[in-house]
Amino acid sequence: MEHKDNSKMYGTTILCIRRNNHVIIAGDGQVSLGHTVMKNSAKKVKRLANDTVITGFAGATADAFTLFERLEGKLEKHPGQLLRACVELAKDWRMDRYLRRLEAMMIVADKSVSLVISGNGDVLEPENGIAAIGSGGNYALAAAKALCESNDKFSQNMTLEYIVTTAMNIAAEICIYTNNNIIMEKIED
């Protein structure tokens, strides 16, 4: 995500992997203000809806908290219907003048679906169960895909936690807006 305003606090890399009836969303802990690291231990991954939904954000921190609140409201209105709640949030995001200015993206997941909600109000389900957002998102995504799609016996025995941690650490080595203080939330069936 491009940082348009150096006076806003940004949070960056979020990775979601769904594999073998488990889903993990992980986020790094770095918050940047312009080119300065303001915090190394921010929690950008949260549980919502009585711990049945996990979500992570990248982008302007204050904007992301606004979206968390809106999503919580939609989940209360549509319990157990994550896709519908996200589509309703996206509609509001596209139509509301204030929300359209928010600079954030989210990944949300429950036991059955993972979704990316973009800053344009799009709701996308990743094809292969792997999604990443933020400035280090492409690095984390590439590393996660390589680890998940490898066919040797070693990779088949890797835990989901190992894959997520390794991919996030690779992103942290490459992206200056990402650190290796990784926080994960997991839902298992």
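Every residue, even glycine, has its Cβ placed from backbone N, Cα and C.
Features of the protein shown, as given by Swiss-Prot:
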type     : residues         : note
ACT_SITE : T12              : active site
BINDING  : A172, C175, T178 : Na(+) binding site
Nearest to the residue listed as 'active site' in three-dimensional space, by Cα, is which of the binding-site residues A172, C175, T178? T178
Below 8 Å Cβ to Cβ and six or more residues apart, same chain only. Which residues does that give for C175 (Na(+) binding site)? T12, T13, S135, G136, Y139
Collapsed DSSP category at T178 (Na(+) binding site): coil
Not counting A172, C175, T178, residues with a CB within 8 A of the CB centroid of the Na(+) site are T12, T13, D28, Q30, S135, G136, Y139, A140, M168, A171, E173, I174, I176, Y177, N179, N180
Could you find out if DSSP has A172 (Na(+) binding site) as helix, strand or coil? helix
Cβ distance under 8 Å to A172 (Na(+) binding site), same chain, sequence separation 6 or more: which residues? T13, D28, G136, T178, N179, N180
